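Quick paste of what TrEMBL says about this protein:
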| type | residues | note |
| --- | --- | --- |
| COMPBIAS | A:295-318 | compositional bias 'Polar residues' |
| REGION | A:295-323 | region 'Disordered' |
| REGION | A:412-439 | region 'Disordered' |
| TRANSMEM | A:33-54 | transmembrane segment |
| TRANSMEM | A:60-86 | transmembrane segment |
| TRANSMEM | A:98-118 | transmembrane segment |
| TRANSMEM | A:247-266 | transmembrane segment |
Amino acid sequence: MNYMTPALAQKQRELLDQQLQDHRANDTRASKLLWLAMLITFLLYLAFNLHLYLGDPLTWAAYFVEWTATIGFLFMLGLVVLMAAFLSWVKHHAYLHFGFYGSVTLVVVTVIGFALFAEFFSSSASQDAKSNAMLERNSAYKATLQAPTAPPVDTGLALQLASAQQKLAQCQTRLASGKEKHCNGDAAKVQALENAQSTALSAQVQIAANTTKLNHDRQDKLKADSYNPVIVFMAQLLAGNGDYTDYIKAAVVIIMLIVAVAFEILHHFLSRSKERSYAAIKHLELELAKLTDSSTTLPQPSTKQPIGFTQNPRSNAVLSPEPPVLNTVPDARFKYQDDEKAKFPMGFAIPSPTKSTDARLGTAEHQLSIPQISSFASELTKAGIPFPRDPVLNKTADLASINRIIGKAQNPRSNAVLSQEPPVPAPVPERQTAEEKISNPSNFALLQKYVMHERFDAAFIAIATGNTKCSQKQAMKIHAIGGDMAGWLMIILEAWGIITEPNTNLGNTRTLIQALSREQAQAELNDVKTEILGN
Amino acid sequence: MLKEKGLPTQVLIPSESGNKNNSIDWHTVYVVVSAVVVSIASLYASYSTFEIAQSYGLAIAYTATWLHLPLTYFSSLYVIWMAKQHPIMAWLGTVSAVLNALLVVGGAV
């Protein structure tokens, strides 16, 4: 037996209030960060578009030379600003949407993929522009841009060669007239001087090439050093023992990839954080509402378990007339210890399954239970009997009619009354039916609360018409309702014969018996409200 | 008196991270250290931007800082606000803040 004293209720309320405040604060912070992220995304897309359509901002002065170019520039500027605003707003809206309804993989991939591309593009261009801007002001780099001076030509050697060639020519003239015996000496001198000149020219060419290479290396080194030290460090890591200036571009890509991915992960996680905060706020508000309701009945014995615990079903089996005893620790159990209650993890008690001695449907001794508000659809479905949807039969058929239908379906050749057939032992039902759960008076207040919830109607109609898959998880995700409410929604739909009971062989999945039209679904919803709310 | 009887003289209050009294709450240490690191990163990024603007002018400062300065602020706020609830994501935020702050500065030329 469990009693909630006023002091306990007050403390519980205080704790829940504190949790609610914390989650609201977290939700507010997530919203503010999402706004800031949207602003950054806008700047990011703007930078991307500016680089793509208008070039490096440091060169925009050229657009203002002629008025036609200025008009074109202003037009494109307006275009890229609008485009950046649109793209960033779409991304922000998508993340807000994900916060309420869960993420959509295709949209996430598109949004993040495009953002990464834009960030890559603009960040790489920005780093290059920054490097160029700094190089332009660097005197050492400017010096390397000058053409290297060629080494001076040895004019003395050329003069000596010319003189030797002249003497050789004179000697050959005299040799032809017989005045000289030979010109070998002059020829050897010319040859020696020519060799010397050739060697000197080769050396000059080699020196010029080396000078140019050194100049280019110096330029590359200065260019590489003009990048951010983090990028230079990454390039050195990539190069190992090689020349790191060749790895600058790769380093830029890697660093910008890290920055872009980190931002996108943080941005995306904000929507998850907001989603969790939103769900927690709704859950806590519901718990507080339940606490308010339960406090009005104090000090009546509570059939609901305190938050986070469930009462041992065995202790609820028989209500003891003994005086209330607050210390019921041996009977207290966590929710996860109770399989039945674990399906409704929001902290309130689903009545524990009671062992019924009724025979299973479809057998000779079958006795249908007729709850206070019920349909026989689930009973028929449970018996494996296909039946046409008939609201009248569903709600008003008497026991004999149902028995007749079951008998016909299972034994078409005989219209004998089922009760006259030989009895067959039937297994004891283990699961409490939806009708029994709904007809439990202790659940009335909760049912009314959920049925009056603003999202109940949409979720009910969506599942009944087949627009939403009839699973508790889908209902929670698509309609942004708590697990507790989704669980009761499924029970109500089952009780009204719209969906089947959970199939234990298929992982407790439910299936839609027959998709209703919107009008039919609305009529069923009205019926639900009439039955549960009494209006 | 209680000690003589072998009874505990101190009430142990479990903290959020499950630690007991007289032990360091590493979660709090992590949150505080992260906040300090990102605060320093934000200050460094701001100072670097100011210095570049003074040395090279606003145009170069805009080019140099690009989005790294706002990204530093965003990551820092993220860490300061979310480190308690989401420590792993806050670690990523810290890395992002520090990296963006370092990327603000220019090269060595």
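Glycine is treated like the rest: Cβ placed from N, Cα and C.
Fair warning: this is a prediction, and the values are worked out from it, not measured in the lab.
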Within the same chain, where does the transmembrane segment (A:33-54) have neighbours whose Cβ lies under 8 angstroms from its own Cβ atoms, ignoring anything closer than 6 residues to its ends? I mean 6 or more beyond.
60, 63, 73, 76-77, 79-81, 83-85, 87-89, 91-92, 95-96, 115, 118-119, 121-122, 125-126, 263, 266-267, 270-271, 274
So which residues does the transmembrane segment (A:98-118) touch in its own chain, when a touch means Cβ under 8 Å and the partner is 6 or more beyond its ends?
30, 41, 44-45, 48, 87, 90-91, 257, 260-261, 264, 268, 271-272, 274-275, 278, 477-478, 480
So if I exclude everything within five residues of the ends of the transmembrane segment (A:247-266), which remaining residues of that chain have a CB under 8 angstroms from its CBs? That is, six or more out.
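Long-range Cβ neighbours of the transmembrane segment (A:247-266): 37, 40, 112, 115-116, 119-120, 123-124, 127-128, 223-224, 227-228, 230-232, 234-239.
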